[in-house]
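Working notes, structure below.
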Amino acid sequence: MASEIKKKLFWRAVVAEFLAMTLFVFISIGSALGFNYPLERNQTLVQDNVKVSLAFGLSIATLAQSVGHISGAHLNPAVTLGLLLSCQISILRAVMYIIAQCVGAIVATAILSGITSSLVDNSLGRNDLAHGVNSGQGLGIEIIGTLQLVLCVLATTDRRRRDLGGSAPLAIGLSVALGHLLAIDYTGCGINPARSFGSAVLTRNFSNHWIFWVGPFIGGALAVLIYDFILAPRSSDFTDRMKVWTSGQVEEYDLDADDINSRVEMKPK
């Protein structure tokens, strides 16, 4: 862990997470705000939901392609937690990424607050439960929405696979859009604790905010359980996991497997 913190590449990755998260939150939440919002007569709620969902999904796809080679483009604490539990990053990297993501979200939301300051009752995209939705229902929506996202991330970035084609960032972006199409009418769609945190901080309103941390973290952890232990099991033991968690990310390890159906041994180089 001490050796990783001394590397320039590590800090470049942290900065990349901060910058990409700032752009992501500005673009995505900005799409839900504006001087014609709430909806005008010539718009429908469905049209607006699709617009916002596409903005979230396409911005993730674009930024994942832009900084994925630098940081992995997590841009979501739930994704970071999932990759940590999947033994693909160190504990130090996970902590620094989540801090960078939260700070980036706050900065982006603060900029949006200044730009849209004349809007009446500006929520800055703050997540909350829709009318008639209770906390248990909202939590369930956040769990399912995040589970399918982290499952997509794990599957499309699995280096053991030989059948992958097309663009992983695009697939992940579509997964984000899909999550929003599901959840936006129930919770405003969090599935990203940092994005929810930025809006809560700037509006000083943390009502039901716990849902948008607990739900995504449970969903991310369940995705790892399903993928790494049921669908595509890995045979690394606790010692191997500790080496990744303390010494560095998965690029420093060999994953030996002939195909996706084989069990994998994680061996340090």
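Glycine is no exception: its Cβ is also placed from the backbone N, Cα and C atoms.
Within 10 Å of the C-beta of Asn205 (N-linked glycosylation site) there are 14 other C-beta atoms, taking all protein chains into account. In the three-state DSSP scheme, Asn205 (N-linked glycosylation site) is classed as coil. Marked as N-linked glycosylation site by Swiss-Prot on the basis of sequence analysis: Asn205.
Per Swiss-Prot, the feature intramembrane segment maps to 69-82 (among others); the stated evidence is similarity to another entry.
Residues or ranges marked as intramembrane segment in Swiss-Prot (evidence: similarity to another entry): 187-199 (among others).
Under the heading phosphoserine, Swiss-Prot lists Ser247 (among others), citing a large-scale study or a structure entry as support. In the three-state DSSP scheme, Ser247 (phosphoserine) falls into the helix class.
As annotated by Swiss-Prot, phosphotyrosine applies to Tyr253, with the evidence given as a large-scale study or a structure entry.
The annotation phosphoserine is assigned in Swiss-Prot to Ser262 (among others) on the grounds of a large-scale study or a structure entry.
Per Swiss-Prot, the feature topological domain 'Cytoplasmic' maps to 1-11 (among others). Mean pLDDT for the topological domain 'Cytoplasmic' (1-11) in the predicted structure: 83.
According to Swiss-Prot, the feature topological domain 'Extracellular' maps to 30-46 (among others), an assignment based on a curator's inference.
Summarising the annotation, Swiss-Prot assigns topological domain 'Cytoplasmic' to 83-90 (among others).
The annotation topological domain 'Extracellular' is assigned in Swiss-Prot to 110-133 (among others) on the grounds of a curator's inference. Same-chain residues lying 6 or more positions outside the topological domain 'Extracellular' (110-133) and placing a CB less than 8 Å from one of its CB atoms are 25-26, 28-30, 32-35, 37, 141, 185-190, 195-196, 198-200, 202-203, 205, 207-209, 211-212.
Annotated topological domain 'Cytoplasmic' per Swiss-Prot: 154-163 (among others), in sequence order, evidence recorded as a curator's inference.
Sorting each residue of the topological domain 'Extracellular' (182-186) by its DSSP state yields 5 helix, 0 strand, 0 coil. Among the features that Swiss-Prot reports, topological domain 'Extracellular' is placed at 182-186 (among others).
Here Swiss-Prot flags 200-206 (among others) as topological domain 'Extracellular', drawing on a curator's inference.
What Swiss-Prot records for 225-269 (among others) is topological domain 'Cytoplasmic'.
According to Swiss-Prot, the transmembrane segment annotation covers 12-29 (among others).
Under the heading transmembrane segment, Swiss-Prot lists 47-65 (among others).
Counted as Cβ pairs under 8 Å, contacts with the transmembrane segment (207-224) are highest for 134-153 among 12-29, 47-65, 91-109, 134-153, 164-181.
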